[in-house]
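Reviewing the structure listed below.
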Amino acid sequence: MPYEIKKVFASLPQVERGVSKILGGDPKGDNFLYTNGKCVILRNIDNPAVADIYTEHAHQVVVAKYAPSGFYIASGDISGKLRIWDTTQKEHILKYEYQPFAGKIKDIAWTEDSKRIAVVGEGREKFGAVFLWDTGSSVGEITGHNKVINSVDIKQNRPYRLATGSDDNCAAFFEGPPFKFKFTIGDHSRFVNCVRFSPDGNRFATASADGQIFIYDGKTGEKVCALGGSKAHDGGIYAISWSPDSTHLLSASGDKTSKIWDVNVNSVVSTFPMGSNVLDQQLGCLWQKDHLLSISLSGYINYLDKNNPSKPLRVIKGHSKSIQCLTVHKNGGKSYIYSGSHDGHINYWDSETGENDSFSGKGHTNQVSRMTVDESGQLVSCSMDDTVRYTNLTLRDYSGQGVVKLDVQPKCVAVGPGGYTVVVCIGQIVLLKDQKKCFSIDNPGYEPEVVAVHPGGDTVAVGGSDGNVRVYSILGATLKDEGKLLEAKGPVTDLAYSHDGAFLAVCDASKVVTVFSVADGYSENNVFYGHHAKIVCLAWSPDNEHFASGGMDMMVYVWTLSDPETKVKIQDAHRLHHVSSLAWLDEHTLVTTSHDASVKEWTITY
């Protein structure tokens, strides 16, 4: 096999303010699940750097839950499609697909024998359904609510009971199978966000936007108590999760705290303050074995520490929005990956362990369009907030210095030796030296899109939307047009010089990569065909003999310079999402990013 996936650094959960986010637990205790966009992400709970991504939904996925057997996962999307798929094989073969109702699926529950499934949400004609997993035959009706149902759970032993919570401020109680509506529970005064039965089935809890948690008898549905008296939290409660022994309950709230409750004596055991920023609101939680997890509005996943509630054991960071660009850099003998997303967030990853964090301080306020590292070890990034930033990679701190404000929005940035930076903006090319503007070409007569600086430092290539590449010379503090026009096969989308400066590779919207030989006066060396859609990005391998290209067709090709027929094709590198950026860690390791907000490392063998 010429390529192999080496590592997957998965995206964070996709979160929305005021909406609870479900973390699905694994009955075997190894993994946990959540969703982002059209992906379901499975991560190892002990080592979250180990991840797997399921991408077979055509629409945004909202919730995914393991069957109690652990062999299947059911996932539901905004169109009302429920897919049940295999967890034991890498291919995740589809077992069954159902459409219980037309509209967003918000929660899923299985019976303990993994044979029946309840699905609730925002259907047009009904808000829930309960059916056999293998035939889809109905095993009851979910009625009793007049608004969208947010949550459902089923008692995990016989006699079965089912509970739901809805935006009509009520919970409902059902007996079955076949499941029949018994009564409505109207104790809450706001939306009911979450209902959960304890693992032993003796009790169930409801949590609401009114800040209250009520405990009920699991068999009869009678009220037992209100946790914490009149208020369990100062804000709305979005999620609850029982401890494996059914004695304690974990709750997550918009008041930016999570709490552990001793249900038997009705008291708070610990409170976890998660911060003071609005992004620290807690939208989801999971108690699995010894792990207590919560999700913040920032998308970060917190591992809570019972022994030290004020500080999480670890926080999983990353991206929850699409990644636009990446670059790599060696620092202190380690290779790091830097990725920038369309919300202005820049993250750095240890390429071996997947340990990652974001830069401290206030950075870009809009999409990061392009990043590169200059000779002094600074990350140079340009963003739709009309700035170019220079960030020290040893400190990884956005300082007030190192920000260059531009007149128009930058699209691409490239650096050369001697402190030079060239920025391509809308209708403008800007030359910076030592972080200061020294020259600009204001009306170049074409629309510049991308830029590359020759490793020698004296030549700049600018690709335009007119399908041409123009060559400029850096002379002191000016840029001089050399009058050279290199023709690509379509609007130029990216270009790069090989590390030895011998070749310039240009990719375009017409699905072609053209390589020019620099020493021969930029004569055309070779043309590379293979992509089925617009090529977005390219990167040279350190060996100067291979280069990779990624496109809207979700494919990555690794090309051999001397022979266009010798190529490695990575199909569906990021399934359902186009490849947004590429970089090489070494001659055999390629890093790709995509709008699925994940980073992948591939081992390439020739």
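Yeah, the Cβs are placed from backbone N, Cα and C, and that goes for glycine too.
Copied over from Swiss-Prot, here are the features:
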REPEAT    4-45  repeat 'WD 1'
MOD_RES   Lys28  N6-acetyllysine
REPEAT    48-87  repeat 'WD 2'
MOD_RES   Lys81  N6-acetyllysine
REPEAT    93-135  repeat 'WD 3'
MOD_RES   Lys95  N6-acetyllysine
MOD_RES   Lys115  N6-acetyllysine
MOD_RES   Tyr238  phosphotyrosine
REPEAT    311-351  repeat 'WD 8'
REPEAT    358-408  repeat 'WD 9'
MOD_RES   Lys480  N6-acetyllysine
REPEAT    480-518  repeat 'WD 11'
REPEAT    523-561  repeat 'WD 12'
Exercise for the section: Give the distance between the Cα atoms of Lys480 (N6-acetyllysine) and Tyr238 (phosphotyrosine), rounded to the nearest whole Å. Expected result: 60
Fill in the blank from the handout: For Lys81 (N6-acetyllysine), the closest of the modified residues by C-alpha position, picking from Lys28, Lys95, Lys115, Tyr238, is Lys95
Exercise for the section: Report the nearest neighbour of Lys28 (N6-acetyllysine) in space among the modified residues Lys95, Lys115, Tyr238, comparing Cα positions. Expected result: Lys115
Exercise for the section: Answer with yes or no whether the repeat 'WD 1' (4-45) touches the repeat 'WD 8' (311-351) by the criterion of at least three Cβ pairs under 8 A, sequence separation 6 or more. Expected result: yes
Exercise for the section: With DSSP as the reference, give the number of residues of the repeat 'WD 3' (93-135) in helix, strand and coil. Expected result: 0 helix, 26 strand, 17 coil
Completion exercise
Most Cβ pairs under 8 Å to the repeat 'WD 3' (93-135), of 4-45, 48-87, 358-408, 480-518, 523-561, goes to 48-87
Exercise for the section: State which of the following modified residues has the fewest other Cβ atoms within 10 Å around its Cβ: Lys81, Lys480. Expected result: Lys480
Exercise for the section: Could you tell me which three-state DSSP class Tyr238 (phosphotyrosine) falls into? Expected result: strand
Practice task
Round to the nearest Å and give the CA-to-CA distance linking Lys115 (N6-acetyllysine) with Lys95 (N6-acetyllysine).
Solution key: 13
Completion exercise
Summed over the repeat 'WD 2' (48-87), the DSSP helix, strand and coil counts are 0 helix, 21 strand, 19 coil
Completion exercise
Lys95 (N6-acetyllysine) to Tyr238 (phosphotyrosine), Cα to Cα, whole Å, comes out at 31
Exercise for the section: Give the residue counts of the repeat 'WD 12' (523-561) per reduced DSSP state, in the order helix, strand, coil. Expected result: 0 helix, 24 strand, 15 coil
Practice task
Using Cβ-Cβ distances, find the residues under 8 Å from Tyr238 (phosphotyrosine) that belong to the same chain and are at least 6 apart in sequence, listing them in sequence order.
Solution key: Val19, Ser20, Lys21, Asn193, Cys194, Ala207, Ala252, Ser253, Gly254, Gln282, Leu283, Gly284
Fill in the blank from the handout: Mean pLDDT across the repeat 'WD 11' (480-518) comes out at 97
